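Chemist: Pasting the feature list from TrEMBL:
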BINDING   Leu55, Gly87  S-adenosyl-L-methionine binding site
Amino acid sequence: MLLHVIARGKIARSPEAELVARYEKRIAWPLKLTELPETGGRVAEALTPCRTVLLDEKGKDLSSEHLAEILEKWRDGGIRECCFFIGAADGHSQAERDGADLLIAFGKATWPHLLVRAMLLEQLFRATAILAGHPYHRAG
Ligand SMILES: C[S@@+](CC[C@H](N)C(=O)[O-])C[C@H]1O[C@@H](n2cnc3c(N)ncnc32)[C@H](O)[C@@H]1O
């Protein structure tokens with residue numbers, strides 16, 4: 001299953017970009033990163049069947065193991081692409097929230113979107129490492 005991270009805003013050369021690159025290299029699953037402007041922009045049509053996940057403060061606070069289980073279930077169920085959307089300063093619209101398969105929160109705090117990009121990449125690496133039995137993740 002292709003993990004497709006679609007994020008608003010330009011990351012350019014920055015500490016966040018270094019973190020994104022670090023985890024991007026380590027994720028063994030097919031991975032694609034698409035950067036959109038703060039507003040507007042278009043994303044190539046997803047492979048079908050696909051799932052849509054929004055990163056959103058109003059989402060579910062999932063453990064890394066739970067995220068891994070969801071990805072495993074979708075992959076094994078024949079889902080070909082999972083799109084993860086990170087919003088810009090104004091976040092996501094209610095229509096976008098209503099249309100998503102899953103909303104994930106990294107706690108109730110509001111984080112800068114570039115940091116969320118790095119955090120999501122780390123969680124995707126962690127989830128895929130859990131599924132691969134890689135020792136990176138040590139359950140608490
Ligand atoms: C600065 S935040 C936008 C805040 C905006 N006021 C809102 O209502 O969503 C930019 C993006 O970062 C991500 N983000 C920020 N905090 C988050 C959190 N706690 N959990 C998940 N994603 C978060 C979301 O994708 C959000 O759209």
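Every residue, even glycine, has its Cβ placed from backbone N, Cα and C.
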Chemist: What does DSSP call Gly87 (S-adenosyl-L-methionine binding site) in the simple three-state scheme?
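Modeler: DSSP call for Gly87 (S-adenosyl-L-methionine binding site): coil, neither helix nor strand.
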Chemist: I'd like the number of other C-beta atoms within 10 A of the C-beta of Leu55 (S-adenosyl-L-methionine binding site), please.
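Modeler: That number is 24.
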